[in-house]
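Residues or ranges marked as transmembrane segment in TrEMBL: 20-41, 79-98, 105-128, 134-158, 170-191, 226-244, 251-270, 282-303.
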Amino acid sequence: MQSRTTKLWQRLPTTIDQRVRFIAWLSLAGQVVIVATGGAVRLTASGLGCTTWPKCTTDSWVATPEYAMHGIIEFGNRLLTFVLAAIAVAAFLAVIRFRAQRPDLFWMTFWLGMSIPAQAILGGITVLTGLNPYLVGAHFLLSAILVVLGTVLVYRVYNGRSAGLGVDSLMVGLGWLVGLAAAVTIVIGILTTGAGPHAGHDGDAADAPVVRNGFDPINMQHLHSYPAYAMLGLSILLLIWLIAVRRGLTLRFASALIATTLLQVVVGIMQARLGLPEVLVGVHMVLACIVVSLVAAVILSFYNSCQVLPGPVPNDAVEEPATLRS
């Protein structure tokens, strides 16, 4: 009689199917959602709704009435860590039976899983240091990197491993320039946020002072816009080139990138003119993650000759090793 473990093992995917694709999308979505909820924590001044870590307060693992809604928001965000952990475990199990054929998927799900405790520890240190703006920024930067990793996972599930350059190397270079401009925009945006009014708490929680990075917020807003406009201009140039060579999938990604970047620019201008209202700042953060994901998708598509999103790839048509069968 087969054990329950053996039965569960046999039910795991042995090739990329609908379950694997769904979990890959869920992994990517989870990384964006945690940015949105983390932004809500900061923008509602709930960053110290739990005043310590790993406990919420020195005497309680959960939120207490003393910190009212701030405690609920911060504790709720911490609970999402377990949701992300569950998704990471599901993603890892979804690819483990064909890890010999697709080690790229195996290691991506592994590192996405390892990012969960890393993010939790970094978040805890951020709380213990009274929401140091540089640590808050590092928290977001790590999330952006994980969005890229999640995008790679989704793309590889649909398109397989890289088959070499499918376009002119100059076009690839232009795509990487777009990526560089996006990275610089995000880093300066993090510093701009660290200079602004949304510190993550109002100074009352645990008698902690409000700490900012000391940069002039107006100057930082202008500095932040320069690489953003450069990225937009480079993206438009890339789009024109893609139209000329009729590169379908990359063209679709680039079109989505320009549309999202234009929306991001509009939101950025509006929030600067309106005094950084919380809702617009939150939208700006989420759009930044979408922009990062689309930039990654554009660059990834350069390394595949296939330009139509196919169905599940058959794991390079390699038979599953006997060691993975039960």
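Numbers here mean position along the shown chain, with the first residue as 1.
Backbone N, Cα and C define each Cβ position, glycine as well.
Caution: TrEMBL annotation is automatic and unverified by curators.
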Contact ranking winner - 20-41, 134-158, 226-244, 251-270 against the transmembrane segment (170-191), Cβ under 8 Å: 226-244
Contact check, the transmembrane segment (20-41) vs the transmembrane segment (134-158), 3+ Cβ pairs under 8 Å, seq sep 6+: yes
Tertiary contacts of the transmembrane segment (134-158) (same chain, 6+ residues out, Cβ under 8 Å): 16, 20-21, 24-25, 27-28, 30-32, 34-35, 38, 42, 47, 91, 102, 104-105, 108-109, 111-112, 115, 118-119, 122-123, 125-126, 186-187, 190-191, 193-194, 200, 213, 285, 288-289, 292-293, 296-297, 300-301, 309-310, 312-313
